[in-house]
Ligand code: HPA
Ligand SMILES: [Zn+2]
């Protein structure tokens, strides 16, 4: 079953599939360790977040031109639309590209034209979140934010990613206040590798509307209560967590089970699908298969994604009706199967 969903935790740079990487490297004359896409993908075995980020940032030197960013984002939007995604709110890391010598105007031009094209061709609604690299520190984030202000109408919010431990949300209070003053949405990665205190800080000091990952919030009962009471969404990425060893190796042991049981507003996303084994539909298929989630639970996750997304109430109502219809179909298929057994 393909569930209609909103994908809320997706790094556009993490959608750089190996064949695309090789093609862009050849076009732009950038050296890669190998030009065999299968060999590149075979190297994607990670011990933790940092070991992934090292490979990821090294790959991203291939992205140079407006076309590169356009084709990357369009490829993601088309692929995810085919997997049921109706709405995507994707991150990009401006600092990575600026540090690679690419002008911010080039990045925005490519991404924004892809968003427009995909809306027309495959009917997906998408918006862009500007994400700061926490390991480059608060001054760099503020400088990046000021550099992005001329493009204010091309992104709807700010985010925080990269190496978590040692770079707590508190460092970024000022830049988040600047974003709030601009009327931008605010989200942040917290509790992926960092402890519950990172999630508290993201809520209390950055004023985030959603927490990206948030897995380690479960270690603190008072925090779980806060997330539940305030209906704060967690954008959970099951296949990413297994690949980066931030969850147990077997999906059946993933904290998603407890999050659902605790009544948290959990959503499912793919994070960096080119590296972690799949897109949102692949994540749904994996949790259904490995965790034995019921159709009602899968529908809840799909509905939660629209509840948590930055869309109008009218759009939300339309998407939620679609989730309800899909649940009806899933349940009738299940009862037909049961009758045949
Ligand atoms: O999962 C992630 N965590 C932090 N930073 C990232 N940048 C890309 N993916 C990630
Ligand atoms: Zn992420």
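The backbone N, Cα and C atoms fix where each Cβ goes, and this holds for glycine too.
What TrEMBL says about a protein is an automatic prediction, not a curated fact.
The C-beta environment of residue 192 (active site, proton donor), restricted to residues of the same chain at least 6 apart in sequence and closer than 8 Å, consists of 49, 164, 212, 213, 214, 215, 216, 241, 244, 246. Taken from TrEMBL, the feature active site, proton donor covers 192.
Taking Cβ-Cβ distances under 8 Å and a sequence separation of 6 or more, the neighbours of residue 11 (Zn(2+) binding site) in its chain are 90, 91, 92, 93, 131, 161, 271, 272. Per TrEMBL, Zn(2+) binding site is recorded for 9, 11, 189, 271.
Positions annotated as substrate binding site by TrEMBL: 272. Over all protein chains present, the Cβ of residue 272 (substrate binding site) has 23 other Cβ atoms lying within 10 Å.
Among the features that TrEMBL reports, domain 'Adenosine deaminase' is placed at 4-325.
Annotation comment: TrEMBL describes 213 as site 'Important for catalytic activity'. A 10 Å cutoff on Cβ-Cβ distances gives residue 213 (site 'Important for catalytic activity') a total of 29 other Cβ atoms nearby, all chains included. Secondary structure at residue 213 (site 'Important for catalytic activity'), taken from DSSP and collapsed to helix, strand or coil, is strand.
Mean per-residue pLDDT, taken over the domain 'Adenosine deaminase' (4-325), amounts to 98.
Among the recorded positions listed (192, 213, 272), none has a CB atom closer than 6 Å to any atom of ligand 2.
Proximity of the recorded positions (9, 11, 189, 213, 272) to ligand 1: a Cβ under 6 Å from the molecule is found for 11, 189, 272. Note on residue 9 (Zn(2+) binding site): other Cβ atoms within 10 Å of its Cβ, all shown chains, come to 31.
For the recorded site, residue 189 (Zn(2+) binding site), the DSSP three-state label reads strand. In sequence order, 10, 14, 91, 161, 212, 213, 235, 237, 240, 269, 272 are the residues of the same chain, not among 9, 11, 189, 271, whose CB sits within 8 A of the CB centroid for the Zn(2+) site.
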